[in-house]
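Feature annotations, reproduced from TrEMBL:
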- 48-82: coiled coil (COILED)
- 1-82: domain 'RH1' (DOMAIN)
Amino acid sequence: MQAFDKDVLEMTCEDVYDISYVIGRDLLKVNTGSREFSDLQFKIVRVLEMFESMVNKYNLSLEELRMELDNMKREMERVVAE
């Protein structure tokens, strides 16, 4: 699966969803029905939710930095033109 091969900083939420799907599918194959297994599933889901949140925040921060860079370029061009 491609999402597993990506650099973490290049991942999107879609990649996290793909990883979540694969892990969920594999967990269904080995489901033992035990309490420990259920606890493990809960922990895995929680980690994936945290990972999704981090990817979202990183992507938003990156977009904000790009917008700020564009603003600074326009301001520099304006100052140079004066």
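Each Cβ is built from the backbone N, Cα and C atoms, and glycine gets one as well.
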Averaged pLDDT score, the coiled coil (48-82): 85
Residues of the domain 'RH1' (1-82) by DSSP state, where helix covers H, G and I: 72 helix, 0 strand, 10 coil
